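Just below is one structure, and these are the notes that go with it.
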Amino acid sequence: MGYVIVATGVPGVGATTVTTEAVKELEGYEHVNYGDVMLEIAKEEGLVEHRDEIRKLPAEKQREIQRLAARRIAKMAEEKEGIIVDTHCTIKTPAGYLPGLPIWVLEELQPDVIVLIEADPDEIMMRRVKDSEERQRDYDRAHEIEEHQKMNRMAAMAYAALTGATVKIIENHDDRLEEAVREFVETVRSL
């Protein structure tokens, strides 16, 4: 069975950019977006046409799709050197923080390492402003972004306690993408 690496970070931190670049240097690894796999399954079942519609499905159906996506990703990992799963550690909602990797997902995925990609809250705020023309982003203040990153750390350690995974924190600062990518690649190669 190949390795399962979960890569995560708050919106705007650059987790997808780091993982997309890292996988280019990791032979036999594939980069998978968890939400894309969920959408694929929901479409196959004729439940949705677009990603935003998943949120409107009954909670039980969403959980089922989450579980099926985790199972599919774990199966993909069996056929590769490893899978890098790009997903949310926690999701900030009006009602509070939602775990991005509930127990039924962790049981299927069994990650080897959870990589938290972080940056300074001010850097993330500026990235979100730049991205706002292409993507719909939340405009959190620096202290809210800092809180979200802390919540991600706490959730990641809880996930690690449940699965035996390690937790690695990688900083992705402005104009230093190569350093973050190098550290990510080194982390994966150390497994």
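Every residue gets a Cβ built from N, Cα and C, even glycine.
Record features (Swiss-Prot):
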BINDING   G9, V10, P11, G12, V13, G14, A15, T16, T17  ATP binding site
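Cβ contacts within 10 Å of T17 (ATP binding site), excluding its own Cβ and spanning all protein chains shown: 15. In sequence order, I117, E118, A119, I124, R127, N172 are the residues of the chain that are 6 or more apart from V13 (ATP binding site) and have a CB within less than 8 Å of its CB. Other residues of the chain with a Cβ within 8 Å of the Cβ centroid of G9, V10, P11, G12, V13, G14, A15, T16, T17, the ATP site, are V18, I117, A119, I124, R127, N172. The local packing around G9 (ATP binding site), expressed as other Cβ atoms within 10 Å of its Cβ over all shown chains, amounts to 26. When Cβ atoms from all protein chains are considered, those within 10 Å of A15 (ATP binding site) total 26, not counting its own.
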